[in-house]
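Before I ask anything, here is the structure I am working with.
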Amino acid sequence: MDSYWRLKNLVNDLPVSTSLSRQGSIYSWTVDQFQTSLGLDCGSMNMDELVKHISSAEETQEGSQRQGSTTLPPTLSKQNVGEVWKSITEEKHTNNNGGVTNITHLQGQQTLGEITLEEFFIRAGARGGNTNGGSIHDSSSSISGNPHTSLGVQIQPKAMVSDFMNNMVPRSHDSYLHQNVNGSMSTYQPQQSIMSMPNGYSYGKQIRFSNGSLGSGNQSLQDTKRSLVPSVATIPSEAITCSPVTPFPTLNGKQKINGESSLLSPSPYISNGSTSTRGGKINSEITAEKQFVDKKLRRKIKNRESAARSRARKQAQTMEVEVELENLKKDYEELLKQHVELRKRQMEPGMISLHERPERKLRRTKSDIK
């Protein structure tokens with residue numbers, strides 16, 4: 001219990017930062033305000049439908065600031081808003097002591113209607129781009145329940161601080177603590193994005209962990225498993241000691257906690273704005289191949305239909321010839337019958353008239369009479 005109050009005091013001591021890029025935007029409205037203005041029930045619609053309604057409201061709302069599109073992961077787009085909020089508020093995490101801590105205890109018992117649209121999308125894991133070139137990750141995300149308090153806490157889905165208060169961490173007001181979900185601590189300057197290290201620059205001093213590993217200021221980016229954040233703030237002279245980093249198990253690129261897969265892919269909040277043409281080439285190749293297959297299939301179907309019509313025409317002609325042949329056979333049989341009957345009638349007695357031959361008369365051709 002003492003560790004919880006110390007964590008709460010540490011959160012309250014961090015500086016407050018308002019999200020200037022979201023002022024005047026519909027994303028700064030609460031869910032109740034959005035439902036009242038549009039007359040909709042957000043809890044019963046899908047995440048895709050909610051994003052579409054927000055986009056249409058931004059187009060029709062006068063004086064509202066356009067914040068760009070919001071991208072949802074495939075596993076999240078078809079889920080219900082109420083189910084997503086329930087999964088967010090009922091997340092559980094088992095700490096090293098074997099206890100179970102409910103995350104709703106740290107979120108101040110917020111309801112879906114009290115939370116802003118921006119904070120809801122952040123907790124759900126949506127990725128979006130605004131007009132300033134940043135991502136939706138730049139907005140405020142609060143654990144204590146205040147939506148305008150920027151804690152600099154990088155929240156992963158279904159994750160919480162593990163064994164945070166096992167070792168007391170000395171606080172310094174000259175630097176800010178960047179807290180990872182695995183329990184590691186590093187110095188962090190607010191509103192600095194995670195970027196690749198340019199040539200000629202190096203990262204600040206890192207923190208000594210309890211397992212003996214130490215990150216120096218000249219450490220390269222080859223070890224991508226460790227989160228390196230540039231910082232210009234001062235660090236206390238003593239090394240900060242924290243519990244060893246215990247990464248959560250992953251399956252197919254998604255973190256799993258307590259045997260359940262998370263809603264999002266790893267690191268959905270970081271958007272560096274880089275684009276790649278490889279995906280476009282692959283899509284164009286797939287499209288060309290699909291068009292070729294469709295054309296071949298249409299040609300095959302056309303040939304089959306033509307062959308079927310030819311067979312049907314030949315079959316009709318054959319049937320007509322067969323019918324005509326049958327008629328001729330019947331006529332021939334009838335003629336034969338008539339001929340036989342006529343012969344029978346001629347052979348019956350009395351039916352044939354016998355004409356007597358006339359008597360032969362001798363005609364004198366020569367005469368002796370003189």
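Cβ from N, Cα, C; glycine included.
Relevant sequence annotations retrieved from Swiss-Prot are reproduced here:
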- 62-77: compositional bias 'Polar residues' (COMPBIAS)
- 260-278: compositional bias 'Polar residues' (COMPBIAS)
- 354-370: compositional bias 'Basic and acidic residues' (COMPBIAS)
- 293-356: domain 'bZIP' (DOMAIN)
- SER25: phosphoserine (MOD_RES)
- SER44: phosphoserine (MOD_RES)
- SER69: phosphoserine (MOD_RES)
- THR111: phosphothreonine (MOD_RES)
- 56-77: region 'Disordered' (REGION)
- 260-281: region 'Disordered' (REGION)
- 295-314: region 'Basic motif' (REGION)
- 328-342: region 'Leucine-zipper' (REGION)
- 349-370: region 'Disordered' (REGION)
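Describe the structural context of each listed feature in the structure shown, including burial, neighbouring residues and relevant distances.
For the domain 'bZIP' (293-356), the model's average pLDDT works out to 89.
Residue environment of SER44 (phosphoserine) contains 10 other Cβ atoms, counted within 10 Å of its Cβ in all protein chains.
In the three-state DSSP scheme, THR111 (phosphothreonine) falls into the coil class. For THR111 (phosphothreonine), the count of additional Cβ atoms within 10 Å of its Cβ stands at 11 [all protein chains shown].
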Test of understanding: give the count of other CB atoms lying within 10 angstroms of the CB of SER25 (phosphoserine).
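Other Cβ atoms within 10 Å of SER25 (phosphoserine): 22.
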When DSSP is mapped onto helix/strand/coil, what comes out for SER25 (phosphoserine)?
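DSSP call for SER25 (phosphoserine): coil, neither helix nor strand.
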Distance between SER25 (phosphoserine) and THR111 (phosphothreonine) at the Cα atoms, whole Å?
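Here the two Cα atoms are 21 Å apart.
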With DSSP helix as H/G/I and strand as E/B, how many residues of the region 'Basic motif' (295-314) fall in helix, strand and coil?
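So the region 'Basic motif' (295-314) is made up of 20 helix, 0 strand, 0 coil.
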Please spell out the DSSP helix, strand and coil residue counts for the domain 'bZIP' (293-356).
55 helix, 0 strand, 9 coil
